[in-house]
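For C80, the entry in TrEMBL reads active site, nucleophile. Annotation comment: TrEMBL describes H183, E185 as active site. Summarising the annotation, TrEMBL assigns domain 'Glutamine amidotransferase' to 5-200.
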Amino acid sequence: MIITLLDYGAGNVRSVVNAIEKLGGKIKPVTKPSDILDAEKLLFPGVGNYENMIRILTEKNYIAPLREYLKADQPFFGICLGMQALFEGSEEDVSGNESLSMFKGRVNRFKTDLAVPHIGWNGVNLKKDSPVFKDVLPDTKFYFVHSYHIVPEDESVVLTTTNYDYEFVSSVQQGNIIGTQFHPEKSGNAGIKLLENFIYQKDLRAKKAVDIKAKGLSKRIIACLDVRTNDQGDLVVTKGDQYDVRDEGNVRNLGKPVELAKRYYEEGADEITFLNITGFRDFPLKDMPMIKVLEQTSKNVFVPLTIGGGIRDYTDSNGKTYTALDVASRYFRSGADKISIGSDAVDIAEQYLKTGKKTGKSSIEEISRVYGNQAVVISVDPKRVYVNSPDDAKKHHVIKTQFPGPNNEAYCWYQCTVQGGRKTRNLDAVALAKACQELGAGEILLNCIDKDGTNSGFDLELINAVRNAVCIPVIASSGAGCEDHFFQVFEKTSAQAVLAAGIFHRKEVPIQNVKNYLLERNIEVRSTI
Ligand code: 1PR
């Protein structure tokens, strides 16, 4: 089966391509407007910013053939923005460019006190007996990552709804035209099944209405792979103790990145994060080791992939300049869904807090403008600084701690570091997170150098301090040693996800055991059994 793919050049379409190819389909990319009308089945994965998407579709003269194709009720599957484009316009688009206007209704930003973007695995309430959902279990969860959702005027197009503070429409179907807000290509086996049905079901039309209810948003469990080249020149997954990755002088080697990522996917990880921990030193596009890792991983791993390390502007030895956006774009094209910025975020936040002005040119602003803020994660590497009184914290966000310092100091603040903890800065983690949110970041990966690799549990005081200061999702990281540590994070903080490394690499606790433990305690997680 030939599937025509409409890729307008923003974001990660590699996973969609990999999924279709894994299912035995052949991809034919749209290179000119007439390819749209010639398609047997058309797949449109939209990623990033709505205004940018419509602008590109208009420039390439794709709007008219798309309308004609849709009007003829030809098989169409729009993903995320690819579905939003079917409606009349979006709050994200202030240009007033014309959309496809296939369905009546608009795209609005979430109006909620919950974290926006809505990121993670959520259930879908099925409203139609659609062949696209054939053999997909009703309580299956799908991966969402978006700040805007559709508001159709005509109820009859609704295929599923999803609850996130309130019920919103998460997919639509009319005849052979299907659109999902969630990403099937990132939703593990369930999503792959959906795509398989789209490719191989002869008649896609829904026969009757149904009303099958689903469970809500899951807390996410993320496996993290710190990657670097060891002294023998091999790219390895390593793991530090408070960021020191050497044992008797040698870089710890805990496995190969692509193999480990596949293992964690099969074991039920909800996301995989790769951190190129020496990225601050080496230019990531030079020998491109992480690009190959992403390309190979995304062939078999159908959950979101984040890549961090070295995302910043760079001038090479020949004087050629690369922007952080260039680096990020290369990663997105190689299979990444999100990029994570560490050291550069500290520089940007310091500058922003000093001047009070957004330049529009920082890596955070540029990447979120093109790819959407959900694609920009800020990796924070803080260390505790103990003080006797809040006055000693020099205006930094200070907390009264239950775990006093070495000299019985009752307070602490969390100092930001750069270059993998090698250098400290006069900026606290709460101020950094707030500034980055204002600049357009979509998520915070909150590490903690004091806790990293200790297996002693998470710094819940740090997590609460940052989580309570921002409305974007927070991923708690550093210190997991047993199942209960994950439970403590979800019980005592409102973090949306927990990331761990060492216990998974050393096979101390399988991911499924963590999930079973959480399920037994009524924490909603995605079950992959
Ligand atoms: O500054 O943009 O180039 O990004 C560098 C990235 O590399 C940052 O995200 C930074 O956190 C990471 N990094 C740099 N050096 C190290 C190191 O370990 N020497 N690793 C490092 C950070 C921390 C976590 C770890 C958790 C969980 N690793 O991601 O996986 O602490 O560990 P645990 O469960 O075993 O406790 P830039």
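Cβ atoms here come from the backbone N, Cα and C positions, even for glycine.
Listed in sequence order, the residues of the same chain lying 6 or more apart from H183 (active site) and placing their CB within less than 8 Å of its CB are S15, P45, I79, C80, F142, Y143, F144, V145, G191, P304. The Cβ of E185 (active site) has S15, V16, N18, A19, P45, I79, G191, I192, L195, F302 as same-chain neighbours under 8 Å, each 6 or more residues away in sequence. Every protein chain considered, the tally of other Cβ atoms within 10 Å of the Cβ of the residue listed as 'active site, nucleophile' stands at 26. Classification of E185 (active site) by DSSP places it within a helix.
Summed and averaged per residue, pLDDT over the domain 'Glutamine amidotransferase' (5-200) gives 94.
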